[in-house]
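Asker: Not my notes, these are from TrEMBL:
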- D:10-140: domain 'Exoribonuclease phosphorolytic' (DOMAIN)
- D:86, D:124, D:125, D:126: phosphate binding site (BINDING)
- D:159-223: domain 'Exoribonuclease phosphorolytic' (DOMAIN)
C-alpha cells in the first residue's frame, strides 16, 4: 500500500557514516532512505552573551538545503537574502531538541553549533538532521572529554527523531516525500534513548485527528526511535 | 500555588470585543488575562499564485508585537529589517491552524489574511491570536455569505488554542508569563469546537516528559478549548 | 461643505486614555476622530553613544501602522524588510518635535523611546502620534520625578500637533482622510502649549500657496493646538 | 558676524554648469559656495504603475552623497544596505518640490527621474539639489519639446530652494555648515520663480520660534530664491 | 619542500564520482585532495529575460561553502543575509568559465544552473568547482541530446581549472591551503581541453611578479589542465 | 578601424586634476577619454580589527557609479539594498591592486580608504579608478609624511591599470565602451611604474584565446601603463 512497498511500521534503511568532514570536531553523513544529511559539530570556547558568567553552555543548530536537494531546484537562501520560514522553524526545532539531551552545566561556558545540511531530500529531513546532529554532537563531546575540558559527560542520553503520519487513512512510520506530500496528518517526534518525550509536533494538514489516532502515531514513533538510537550506537 | 492564585485547571478571564477596526472585514480585540491581541481579517479577491485556476482559496496569517507589549522593550522588527525566528514560527502556526478549519473549496479563489498584533503580552500570545483570529475570520466569512460571494459556509467549525504546561511539577492550564518562563514542559494545543485535534506542539524546556504527562495536559487543554469556544460564540 | 459636516475651524472629537499598556513607563490611546494611536514611552538608563559623558539625555520615537489600520491592507513593514520612506520621515518628525520640548540636561544621561502605533487611520496620524506621544512622555517623566531619578522636570512645556490644509479652496483645521487625500495644500504644525512654533511643514500637493494662505492656516493651527493641549491636561 | 564674513542676507556664490554628464537628457553641476551637487535627469517613456492609463506623467528624485563629500567619511549607503532616514526624507522633498512645478498632464505618460549626488557638502545640499535638479529637468523637458514628444511645456515655472535660519540670534540667509550645525532654528523654503510657496519646512533645533521670526526668515528666503532663479535663467 | 611532500609540478589526487544527487539533471562529487565539491546541473526550459526571443540559452553558476568546510567555522551566508564578496566573485568566475565552452545557440532558449557547494575545503575550491561543474553540465547536456531537445551538442570542449602560484620562491602547481595562504603570487587558470585559454587571473598577494614568472606558471597550469581533462573523461 | 579612429596601440586622452574634494586627505578627478572617475583617499588612525597590534596598516577601496553615468540609467545600489556582483568584484580588485604597492609596515597601524565614484562611464572604469585611486593615495601618503606620522614612504612605486582586448580580431589598447561591449577577449592589467605585474585578469568573452594573443595584449598593456604613470607624475 505504501509507495515504497514498506510495511506500515517499517523504517527506511538507516546509514550513519562518521568522520566525513575532517575540520569539524564531530561529523557524520546520515542517510535515511534517499534523505541524506551532512551534520557537523563545532565547539567554540565561549558561551553566547546571555550565558556569560552563568557556568552553563549552549547548543545551537543551523539547517540548510542544497538548492538541488529537491526535485525542483529551490532558490539558494544565501542569494535570496534570508532564510525562509520553514528553515527558521526547523533549525529552532533541532536546537531545542538537542539541548534537551544536554547537561548545560556539565558542558561549561562554551557553545557547540550543529550544522545540518541536506544533500538530498526525500521527506523527513528535520528528523534525520536531529538524529545525525546528535551523533556529531556526541563525537564533539567525546573530544571535550578526551581533552579533559569537561569532567563529566555533557550528554545525558541519545536524542533521535522520526516522523509518523496518517497516509491513505492508515498510521505509517517514517514518511517519505511521496507520502508526506499527501498525508492528512503529519507528526514529528523527538525522544531520548530511554523513550522520554522531548518534542511532539503534530499538524492536521488535510483532516483533523483524534486522540486515539495520536496514540497510534506515538506507538509507531517509539519503535522508530528505538531503531534510530540503535543505528546511532552502531555508528559510534 | 500558581503565581496568579488560579486553580491548576483554571483559565484566565476571557474577553472578546468585535468590530474594533472599522476598515477590516472582520476584527476583534481578544483579552486572555493580561494578554491582549488585536485581530483583523482582510479579504482579497485573488488567490495566491499557486492556487490560480484551482477553484480553492487560502487563509494566511501574520503576527507582530508592539515593541512595548512586553516588560522590556523589544526592537521593532520593521526597523531591524526582518521578522525574528519566533515571529515566523508563530505566524506559520496561526495560518496552518486556521486553514485546518476552512473548506478552501467553499471559500473559492480568494485569500483571507488574518493579522494578529499583540498589544500587551503576558504569556500565551500565539494561542490568543489563534482564538481571536478565528473570530475575525468568522466575521469576514459572514460578510462573504451576506454578500452572496460564497454559497456555502467556508468555515467548518470553531478553531481555538490554549497552552498547558508542567509548572512546579504540576500540569496547569493556560500559562501566564510568570509560569511560562519557568515551566519544565510547555505545550500549545489547537482544536476544533468539536474537540478534534489540529495542532499539538509540546516541548521539553527543562525536563523531558512522559506519555502520561502528555495525556494530563491534553485533558486540561480540552477543557480550556471548550471555554474558549464558548467565549467565541458569546462574542459573535 | 466638509465631508464630515464639521465647520472649517472645528477639530474632531479628541479622547486620550492613559495607562493602557501596563508594562510601559507611560502610555496612552489617543483618538482624534477615527484616527487611533497607541503611544508608549520606555525609559532606558543609558544615553545613546554620541551622548556618553555629555550629561545629556535623548528622546527618540518610532512609528508604525498595523497592516489593516487603513482601508486597503498595507504590507507589514517587518515582513517587507524595511520601513518605508513615509514611516522614516514621520518618526524623525515625532522625535524632533518631542525633543524640542525637553530639557535634555535635566533628563540626564538616559533615553526615552516613544513608540506610536496606529491602530486605525483616518488622516492626521503623525499629529495624533505627537500629541499622544507627549502624554506618554509626560507620564514617564513623572515616574522619573517620583523616583527621584531627576531633580527638575525634564519637560519644559506641552507639545502638540495638528494638520491644516486648503480643501476645496478653503482653509480647514484637522483634516480627515477624505479631505487630506484631495487637499491642494497640506500642513502639519507642531507647537508648545505656550504657542511657540516647533515645526512647520507645508507642502503644495496640487497647487502652490501664498503667504496669506499660510497665515490663515497658522491661525487655524493655533486654535487646534490649544484644544489639544487642553485635552492633554484633562487626561493627565 | 557670520563665519564666512557674509552679510545676514547674502547668498553664497552660485554657479551652474550645464551638460556635464553626456549620457543624461539633462544635467548640471550646481555650486552654492562649497556645496557642489551633480544633477541629472533621465526620461523614461513609461509612467509608474499607479498612473498607467491616466494620461499623466511623474517626476521623481533620488539623492546621494559621496562618502567623502563631508569632513568625516560617511559609510557608503550601497554598502550599508539601505538608505538612511535623512536620505529618504531629502529625496522625497526633492521629488515633491519638482512635481509642484510640473503640469503632469502636459508631460504625458512618462517619468523623469532626477538624480542629485552631492560631490562636496558645506550645508544646504537639499536646497542646491532642488535648484540644480530643476535645471536638469528643464533641459530634459526641452528635449521632449524639441523632439515633439510633448506639445505644451510640462514645466510651469522655475522651482528653487534656499535655507534660512536663526544663527546667533539673527535671521540669516543660505546657511553654510558652520552656521547650520549650531543654528537654533533652521528652515528650508521651496518657491516658484513667481514667489509662490511650494514647501516650507521649519524646525526648532535648539529653541522654539515665533511667528514674527518665521516672517523674517520668509522675507530672506524670497530674496534668495529670486537670486537662484536668476542663476538658473543665466545657466540655460 | 612542499608541505604535502609533492613535487613542484605534481597535482593532488583527483577523483570524480558522478550521479551523486538523484534529482539533478547532472551531478558529481569532485575531490582534489582534501578539497571536496558537490556539483549539480539544473535545466530550466526558459531563458533569462534578456535572452527571450534570441534563440540562445544561458549557463549560470552559484557557489557556496558549508559553514564547517573550513578549519574555523564560517558564518552561514543564508543567515548573515547576503553572499560575501568572495562568493560573488567566485560564482561569476564559474559562470563565465563554463559559458566560454558552450555554444549558446545550440543550447536553445533554456538555462542551465550549475550549483557548486564546497563540502570540505583545502585550497583551490573555485578550480575544483569549475572542473566538477563542467562534468555536471556535460551530463545535463547529454540528457538534452538523449531527449532530442537539442540537435547538436551545446558543449564545444572540456573546461577545467587549476591554480598555480609562487610558493617559497618556486612556481608550484595546484596549491593546497597551506601553500595558498602564504603564496607570494597566486593564479587561477581556466582552459579548454585543447589548451586554449578562457580565464587567467593572477594576483600579487605579497610580491609583484614578472612576465617570466607568469610564463612558468602558465606552463605548469597547462599540464594540470591536461590531467584534469583526463579525469573528466575517465569519470564520464 | 577603431570606432574612435584611434590606432591599435593608442591610449585615449588622459587628464588628472588633483585636490577636487576639499575634505579628503587626497583626491583627484581622472578622465580617460569620456570615462570620468572621482577618487578620494581618507586616512583613519585605526587599523581594521584583524591587524590590531600587528604594526601594519591597511588600504581598502570602494567603488560606485552614479545612476546616470551610463547610457541607460542604472538602479542606485543604495536604493536596491545591496552592491551588485560587478561592484563587489571591482572594489576588491582596486583594493588588492593598491595594497600591492604599499609597504604596510611603513604605513603603520592606520587605514586608508580609497573611494572611486564613476561620474561618467565609457569603458575602462575600473582601470581609471585604480590609476586615479593611486594618485589620491599618493597625496594622502604625502600628508602623513609631511605631518611626520610616518617616517618612511609607505608607497613603494606607482600603480596603474589599463585594459586591452581583441577587437575585430586585433589586439587593441585601452578599450572604450563601443569596443568593450563586443570584444572577444578582454583583459585588465595592473602594473607598477617599474613594469612589474600586480594583477592580470583576462576573460574569453566570446572566443577563447591563445598564449601568443596573451603576449600581444601584455605588450600593449606595458606601453599603456607607462603613459598612465607619466600622467600620474605630471599631475602630482
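Glycine is treated like the rest: Cβ placed from N, Cα and C.
Just so you know, TrEMBL annotations never went through curation; they're auto-generated.
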Asker: I'd like to know which of these binding-site residues, D:86, D:126, is least surrounded, judged by other CB atoms within 10 A.
Answerer: D:86
Asker: Based on the record's binding annotation for phosphate (D:86, D:124, D:125, D:126), what whole-number value in Å is the widest Cα to Cα distance?
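Answerer: Site span for phosphate, by Cα atoms: 13 Å.
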Asker: Using the CB centroid of D:86, D:124, D:125, D:126 as the phosphate site centre, which other residues of the same chain sit with their CB within 8 A?
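Answerer: After dropping the recorded site residues, what remains is D:63, D:90, D:118, D:121, D:123, D:127, D:128, D:129.
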Asker: Does DSSP give residue D:124 (phosphate binding site) helix, strand or coil?
Answerer: coil
Asker: Report the mean pLDDT of the predicted model across the domain 'Exoribonuclease phosphorolytic' (D:159-223), rounded to a whole number.
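Answerer: Across the residues of the domain 'Exoribonuclease phosphorolytic' (D:159-223) the model's pLDDT averages 95 on the 0 to 100 scale.
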Asker: Mind checking how the domain 'Exoribonuclease phosphorolytic' (D:10-140) divides into helix, strand and coil residues in DSSP?
Answerer: 42 helix, 41 strand, 48 coil
Asker: Give me the non-local Cβ neighbours of residue D:125 (phosphate binding site): same chain, 6+ apart in sequence, Cβ-Cβ under 8 Å, ordered along the sequence.
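Answerer: Those within reach of residue D:125 (phosphate binding site), by Cβ under 8 Å and sequence separation of 6 or more, are D:35, D:37, D:65, D:90, D:118.
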Asker: What is the total of other Cβ atoms whose distance to the Cβ of residue D:124 (phosphate binding site) is within 10 Å?
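Answerer: Result for residue D:124 (phosphate binding site): 25 other Cβ atoms within 10 Å.
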Asker: Just give the helix, strand and coil counts over the domain 'Exoribonuclease phosphorolytic' (D:159-223), going by DSSP.
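Answerer: Its residues divide into 17 helix, 30 strand, 18 coil.
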